[in-house]
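Features reported for this protein in TrEMBL:
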type: DOMAIN; residues: 1-292; note: domain 'Biopterin-dependent aromatic amino acid hydroxylase family profile'
type: BINDING; residues: HIS137, HIS142, GLU185; note: Fe cation binding site
Amino acid sequence: MSAQPQPRRLENVQTDRGSVPVYATGTVEQPWDSYSAADHDVWRRLYARQREILPGRACDAFLRAQDAMGMTPDRIPKFSDLNAALGAATGWQIVGVEGLLPELDFFTHLANRRFPVSWWIRRADQIDYIEEPDLFHDLFGHVPLLMDPMFADYLEAYGKGGVKAHGFGPEALMQLARLYWYTVEFGLIRQPDGLRIYGAGIVSSKGESIHCLESAAPNRIGFDLERVMRTRYRIDTYQKTYFVIDSFEQLIEATLPDFAPLYARLAGQPEHAPEAVLPADRVLHAGTQQAD
Ligand code: HBI
Ligand code: FE
């Protein structure tokens, strides 16, 4: 049985991720007592499955933080418990929401060190894939790195940049959405002992956790802010390109400067296809783009 009621759908908006539903805004108290045994079981199965494959694939900071904040497979965590650990580590808080928020609401939460988490979890028949961010994706995928001081600062700076970008129009917002996609959702990081995952869209997916590191198909390219902001992305397949950072410090350094001159420079410049490899790229791996 799924968690009820389902979020209230307000409208659909067109983005380069396709048509995306926007839900009722506002934060909600996590209705923890209303989770069914089946809901807890979905959490348990997903948690166990990911933690089995993530050592040696997810970055050390992610795995360490997950343990430090007390996430376990036993049951769906209480937001209030996680908030105690988060607050002490970096001052971030999670707030319950119905689902996707309008961009400005989302950015405003991040700018104030609040991360919106869907309160409901997917059904058992959606274990492998769900289009909308549910509690497992948000909590398991996004929340652990909020314990990391550098990543915590990056996400706040991103939110502040997003609030400002609203004054620059749809092109700037699309470029910022690409930055989010290729870092927070699908980013890879270079550790001394090899490439690792930090993106929430990857660590919450078994298939992509393996594909992004082990498949010859996708490109793996050194992170460059302007390159990323010009690159379209796919929402219907594994990524064609992963961008690799050297440290979370690199991300915060790239994101702190005012983006206004950047938007001016990028205006009217051609976009890059999701699978493009360019002469100026720092190529770690040029993908075959063949199914494997
Ligand atoms: N809302 N709850 C929620 N979670 C997201 O990840 C999210 C969102 N609204 C907008 C949004 N992401 C995207 O526009 C990002 O590109 C910023
Ligand atoms: Fe996400």
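The backbone N, Cα and C atoms fix where each Cβ goes, and this holds for glycine too.
Everything TrEMBL records as a feature, shown here on the structure.
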residue	record	Cβ within 10 Å
HIS137	Fe cation binding site	22
HIS142	Fe cation binding site	22
GLU185	Fe cation binding site	19
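Same-chain residues with CB within 8 A of the center of the HIS137, HIS142, GLU185 CB atoms, the Fe cation site residues themselves not counted, are PRO133, ASP138, GLY141, VAL184, GLY199, ALA200, GLY201, SER204.
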